[in-house]
Amino acid sequence: MKFNPAMNHVYLNDAFKSSTISINLNLPEQNASACSLGGAFPESKELVLTKDGRKVPGADRSILDRSRSCFANCRRKLFNKRTLHKRLPILRWLPMYTSEDAICDLVAGISVGLTVIPQALAYAGIAGLPVAYGLYSSFAGCFVYIFLGSCKDVPLGPSAIIALLTFQVAQGSWQISVLLCLMCGVLELAMGLLGLGFLIDFVSGPVASGFTSAVSLIILSSQIQNVLGIKANGNTFVELWKQVFLNIQDSRPTDTLLGITCIVVLLMLRMLSSYRIGPELDEQHSRCQRVANKLFWIVGTARNAILVIVCCIMGYLLHSEQHGTPFCIVGEIPPGLPSVQWPPTSLSANETTDGEPQDFFDMVHSIGSGLIVIPLISLMESIAIAKAFAFGQPTDASQELIAIGTANILNSFMQGFPGTGALSRGAVNNASGVRTPLSNVYSGTLVIVALLFLTPYFYFIPKATLAAIIISAVVFMIEIKVLKPIWRAKKTDLVPGVGTFVACLVMPLECGILIGIGVNVIFILYNVARPKLSFELLLTESGIEYLMITPDRCLIFPSVEYVRNWVNKHSMRQNVPVVVDASHVYSADFTTATVVGSLINDFHQRQQLLFFYNLKPTIYELFKQASAAQLVVYYQEHQLENLLRERHYSQKSEFA
């Protein structure tokens, strides 16, 4: 039994003393009833400042005046320096740009460019498209992000996850892939302008880890066919491995040997990028040690480009007119930049798998839930890069949506498929010392140079080499390490994570991620619907016993019936006055007000006293609509004594 009053576990709302709401907290005893029954909250009147400096009631204004005021407020919020700098981040850093920044961005841009070219060729294969489309998707977004991007480390372009999602939606059709890029861009731009970046918060860490791990395994499995030199098509993890085992007898030893060798070499070069010789402190390194360490880093960072060049030369040297090349190669790539054209909006009978022509609406229908999932995953990847290298700085998810959406819209006119930021290239960007998003201009320029002058030399690139590049990258995206911390922290978080992982392996990816988010939302709704309630028997200063019930969160429609049942159950068991401490109740809804009215009636029928302590004014006004006559609220402990005395309640506790 606690003898101290509510002061021990709630705060006093002394802010009301200086509030514009007329609340008298030190009323004499005879007026306490009026305070508790609603007299403390008179109807507020909105005062509006006119042009001539007069304050007039808002209700007296005409509709035209209200409309003008609304438009003026909107114009003031939209067209100001702060909003302009927020929506065009280049205006923040460009005036302070220095020559040192330019050098760092040049180094970072070239490093990322050497990474993105081989990755683009490989990711086009994941999307089921000719390799040229990977390059088409890799340069336009870079120039857009310079102006609209909010994170210096994000390099826009194709990514492995988005490429796989594109394949599952478009099934290798470049027309649907390009239209998907346009539709995703429009949706992402609209979401960004509407400030819907918060939607990424509904993808929890365990769900994101489960999705990323499943996608990594599917991508790895999809590249086994190129390592073995066989055909193995499928949409899910299970389908891919079924095809691999069915066709494994047709594997080509030369492709297998080359693929395994490339994987080993890439993993070794990856370790080389972090290898250092000499003392731990950079200041203690000799000149030769600094040069050697820099060389190790350059070779390790550019390992993909180096391997592609070496294998391309090897393919050219081993090629013969009679026997061709001993392994599968990329083949001819159209030279030059893609033609700027409107994305396809229809398919002829020869361009569809079922031989039936499709109009625009048929194509959009075939995209289905990909229109929701791909923008969400694109944002998730970009924000992951921003958070990984932000060092505590806030990230603007809505601005990232605007940048990615605008980039994808422009990409679609360049015949590209959807893209976003890639974590592997973001790591290269950060390690290269990038200063601003201007580094993207050098990466995009390198891709343009490759399209203009180097495409004839890409003919002899082995497919096994590109598969090795993908496998050596995605194998590190399998997040096994998160299992142990999640198990130690909260075991129930493994349910949505493992559920997402399994669903993505056996079902299409868009269904898997939606199932994971759905399971997560169910957990959230359960927590909302089942707030924690604390029950304490307390004594007033005069020794009157009462039951203090404290909910730990807001009361909204999923939880209010649950709270009502528990309050009734404990109050009938104790048969003493009940005080509901509303200090943690910051919001409520109409259903809550209705159920609270029913709860008050429950107490009234059994002639038991019910009071509310520290109820917020806005919630009080809401509750008052449901039960104005019987709602009793107080804000100071001594008022409870007055309320009990007025109601002639004098029962003493047996422990008093």
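Glycine is no exception: its Cβ is also placed from the backbone N, Cα and C atoms.
Of the given residue ranges 120-136, 154-170, TrEMBL assigns the label transmembrane segment to 154-170. Per-residue confidence over the domain 'SLC26A/SulP transporter' (105-495) averages 86 (mean pLDDT, predicted model). Each residue in the domain 'STAS' (547-633) gets a DSSP state, and the totals come to 45 helix, 14 strand, 28 coil.
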